[in-house]
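**Q** This is the structure, below, for whatever I ask next.
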Amino acid sequence: MEGEIYNFIKVWLSVFVCLSYCYTISKKVYKGLSRLLCVLPIVCLFLFLPLDLHSIHLGGTTAFFIAWLANFKLLLFAFGKGPLCSDPSISLGRFVALACLPIKIQQNTPSKPQNTSSKVNPFPLESQNGHSKENPPQKPIEKLKNPPMAHLNGQNKENPTSKKTQEGHISLLNYAVKGVLLAILACLYDYSDRMHPKVLLILYCFHIYFLLEFILAIVATLARVLLGMELEPQFNEPYLSTSLQDFWGKRWNLMVTNMLRITVYNPTRHALVTRGVNKKWAPLIAVFATFIVSGFMHELIFYYLGRVSPTWEVTWFFLLHGLCLVVELVLKTEVFTGGWRWPRLISGPLAIGFVFVTSFWLFFPPFLRFKADVRAFEEYALIVSDHMHPKVLLILYSFHIYFLLEFILAIVATLARVLLGMELEPQFNKPYLSTSLQDF
């Protein structure tokens, strides 16, 4: 494991040097073909760097961050688009963080007077590719109750301050509960030999979701503390999805969803419309193309994890979901034109059930074939108390006590709010950010 950690540090030092080079050429080389030629060697190097890592957690996370996210953002950067070009005065630290980490800065648009003549785009997704689009003058901005996709950045037009505080309490309790559930899952794996294989696959589904949520939350917290950036959530309770469109577009891994929208969906749709394809069908073809690219990228990540020849089951998983989503969109626009929808009690279980069944069929078999679960448990075993320095164990105990107290008090505050209608003040205020004993 020590050799893996050494390789991990070496890989990320290489990433920092490469992104510093890209930051430099942003000031020297104009966007377009010239910048693309300067960036392509870095893109190729980022495809090879994850091969130096072999662990599930360090290797898989690094592969996702640099071979997928960083490369897609660098290709956009070459043409003056994407998050790396959204702020010309961006610092090196922010540039590196935005390039290789799954983070997206919240767009906190300041409120404008009603009689202002400036044009504001109420659709956040239309300006995320680095270049804003002006609203047509014949369609003046109206006061919307629910702006499109506004729920993704946690903004509340009516009372943003109280809403942010309330969401902070909810988020804290949310992560605390998921932390407890993840610990319970780890205990249940001790009895995996007595479980039905399908039950074990269900546990793996929740394990992957909880693990991704925690990894992305940790990244977001570090970016907020070290760089002062407010970040949007990466998941939006995917188990509450009511359709495939809801699951893939608004709830699951929103950073990847946004990146694929900018790099694949928007250019494909624009190219099809430019070449005379019907505007009604161009978005559907672009959706399917997006799932094709997603399938190939997941296949690449699986190769980094297992180092075995691809069987293309993962690609077929995304092709199937892309096809089913296209069918769903056609039914919504062409058949159920009156706005009729299935009740949530029916559509929700159907959507989640479809995701589970197809995952058991196509997604998990290659995952289990290279024994990713066994290797992950072996990595967990390396960090148990028997292999830890006593001082490190004491540090973990300190965090354990803090998280446990925070979790208990969050439950008490939530019960008081629900049962008694009382708003309780927070009992902790990020003690790990203390600057002195007096502050602590």
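First residue shown is number 1, and so on along the chain.
Positions of Cβ are set from backbone N, Cα and C atoms, glycine also.
Here TrEMBL flags 109-130 as compositional bias 'Polar residues'. As annotated by TrEMBL, compositional bias 'Basic and acidic residues' applies to 131-145. Annotation source TrEMBL lists domain 'Wax synthase' at 232-319. Taken from TrEMBL, the feature region 'Disordered' covers 109-164. Among the features that TrEMBL reports, transmembrane segment is placed at 6-25, 32-51, 57-79, 172-189, 201-227, 284-305, 311-331, 343-364, 394-420.
Provide an account of the burial state, proximal residues and distances for the features listed.
**A** Looking only at the domain 'Wax synthase' (232-319), the predicted model's pLDDT averages out at 91.
Counting only same-chain residues 6+ beyond the ends of the transmembrane segment (32-51), those with a CB under 8 A from a CB of the stretch are 11, 14-15, 18-19, 21-22, 25-26, 59, 62-63, 66-67, 70-71, 74-75, 77-80, 304.
Within the chain, the transmembrane segment (284-305) has long-range Cβ neighbours (under 8 A, six or more residues past its boundaries) at 50-51, 53, 56, 59-60, 63-64, 67-68, 256, 260-261, 263-266, 268-269, 272, 277, 312, 314-319, 321-323, 325-326, 329-330, 366-367, 370, 372.
Residues 243-245, 248, 283-284, 287-288, 290-292, 294-296, 298-299, 302, 354, 358-359, 361-363, 365-366, 369 of the same chain sit 6 or more residues outside the transmembrane segment (311-331) yet have a Cβ under 8 Å from a Cβ within it.
For the transmembrane segment (343-364), same-chain residues at least 6 beyond its ends with a Cβ under 8 Å from one of its own Cβ atoms are 198, 201-202, 204-205, 239-244, 246-247, 313-314, 316-317, 320-321, 324.
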**Q** Which residues, given as numbers and ranges, are at least 6 beyond the ends of the transmembrane segment (6-25) yet have a Cβ under 8 Å from it?
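**A** Sequence-remote neighbours of the transmembrane segment (6-25) are 35, 38-39, 42, 45-46, 49-50, 52-53, 58, 62, 66, 70, 74, 77, 84, 92, 95-96, 99-100.
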**Q** As a quick check of your reading of DSSP, tell me how many residues in the domain 'Wax synthase' (232-319) are helical, how many are strand and how many are coil.
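**A** Breakdown, helix to coil: 64 helix, 0 strand, 24 coil.
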